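According to TrEMBL, the protein carries these features:
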type	residues	note
DOMAIN	B:52-110	domain 'Nitrite/Sulfite reductase ferredoxin-like'
DOMAIN	B:119-273	domain 'Nitrite/sulphite reductase 4Fe-4S'
DOMAIN	B:328-398	domain 'Nitrite/Sulfite reductase ferredoxin-like'
DOMAIN	B:409-548	domain 'Nitrite/sulphite reductase 4Fe-4S'
Amino acid sequence: MKLLTANRLIDGEAVWLGEGDVWVETIDKAVVAYDKDDEVRLSAVGLMSLNNNVVVDVNLIDVELVDGAIRPIRLRERIRAEGPTTHLHFGKQARPQAAANG
Amino acid sequence: MYRYDEFDHAFVKERVAQFKDQVERRLAGDLTEDQFKPLRLMNGVYLQLHAYMLRIAIPYGTLAPRQLRMLAHIARNYDKGYGHFTTRQNIQFNWPALGDIPEILELLASVEMHAIQTSGNCIRNVTADHFSGAAADEVADPRPYAEILRQWSTVHPEFSYLPRKFKIAVTGAERDRAAVQVHDIGLHLKKNEKGELGFAVYIGGGLGRTPMVGKKVRDFLPEEDLLSYTTAILRVYNLNGRRDNKYKARIKILVHETGVEELKAQIEQEFEHLKGGELSLPEADVAAIERYFTPPALPDRPEGEAILSREAASNPGFADWLRRNLHTHKNPDYAAVTISLKGIGEVPGDASADQMDAIAGLAEEFGHDEIRVSHEQNLVLPHVARADLKALFDRLVEIGLATANAGLVTDIIACPGLDYCALANARSIPVAQQISQRFGDQKRQEEIGDLKLKISGCINACGHHHVGHIGILGVEKKGAELYQITLGGSGDENTSIGEIIGRGFGPDEIVDAVETLVDTYLGLRTGKEETFLAAYRRVGAAPFKEALYGREAKAA
């Protein structure tokens, strides 16, 4: 299982490719690639976004489902998705929505 | 303090306008990322995990209160309310938006600051002893020479596209507090038998994946030859440094592969062409720059000792702080004060906007308008009357910056690590925080004594782990964090690279491992006066290995 991730050009925000080929700010709204065909399609959208100067540093990352939630395999990507593990008041984890979701 | 001249003002202003245009063209899609990336890096803008990171130069770590206030303003209004002081005497902001960065650079320019050459394969921010101009053991203030190097190296046409980045450090005291032997060029100011100023010159030191101690190529370089000789070194490196492999492109590799004697001969040959020419430093120019660094007028304040004796007797916390966070000043009525950015359990090197504003105010009130950033990620007020120390301490207590741990085990250097850095393989900050909490008890720390603990989250060694008495390197192994320990490193005038002691430890084991090392030291030292490093140099790695790995170590 893979997701397409990048950083938004204007502010560097970590984003993931979501439904309708829209870049979303939280990983839970990302579209999962379950096979090679999906990966190829996501990568093509990523390349187009890169060329259109919407995002930079586009990468496919490995994920798994844990209790129904998307979880990146690598710690690096988990930190990108949530925020610094030491500054819990920074990053996406500090956003009101994230707090409301517990 | 240094001051920008007309050229500096005009140049930085033009550079900001240029970058503003580049950002606008990037956001409009007129520049691709491949085209833009080298341009943004030339202005200190990186892309990290969560956002862009802006690295701002603080030449030789010297700051005025108005500059620190501007950094606070930027932290508050363009970032998340804090900044991170680094081992290269820079500050980094972790969350600025690309679209805001030109405005931030305009603000910085208004207080004579910039982010030029804080990245890229050029001569980076020149660093120096953080007690420059104040320390009692100083031969001469190294900052005028660092400033001369800054002016010479800024957008130097010949040295803007070197094989790799290039770092220069200068120290002016017997005790090296600038780690000059682990820089591409290390300059140690000294006087010859005639009383003339000059430099011991080291080349090819550095950390990273191939740590090396610099080799001395000149025992005494006359002051006037500083730029001629530095140019000769850079020219030989620029011509012969490897460009085929970025990991082998630093001058340390050139020194290693060529041999220091051969390289020194090449440098001397180049120097012969340059010596006595237009790069010779005229005495008048040196004197003019030295005037920028004239120490503040320090009136006699002999009442300090009586105040300190009285206050320390009734306030153990103040006594602890006096014992740990002061450095002896040239003027016996004064002290250089380390403001620890290593509160117990806190993030090494981070300062909030409010703390920056408060420290700027303290520098104005007690510190003759000077602040320094140390390569150990602390701030320093270099000129404080001893009579004012209690008042300063009380104010530092109010803002949570009175931790009395300078040089102790909790005064940890840690790079941003995997929590922020795109290059990192493991986290550094949480490890630093946990070690700090484990050893947070003041009495225990003082019982352990001087101990430099340094943590890097990847092989690039921004946390200087190779020169930690105890060094910790985070690596990724099978998708998990693992921490390797090195022992016996040192970044002072007796520089040594730490030795890897054995297999690494998981995130849940590393703090216990450090405690085992410390307990082993306490058990084998000859007395409290024998520091961890001295004990390690006396006994070697064996008892530490045995303590960590038991029979496994013996079998090995």
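Cβ coordinates come from backbone N, Cα and C, glycine included.
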The domain 'Nitrite/sulphite reductase 4Fe-4S' (B:409-548) versus listed stretches B:52-110, B:119-273, B:328-398: most Cβ pairs under 8 Å: B:119-273
Averaged pLDDT, computed only over the residues in the domain 'Nitrite/Sulfite reductase ferredoxin-like' (B:328-398): 98
DSSP-derived helix, strand and coil totals, residue by residue, for the domain 'Nitrite/Sulfite reductase ferredoxin-like' (B:52-110): 30 helix, 14 strand, 15 coil
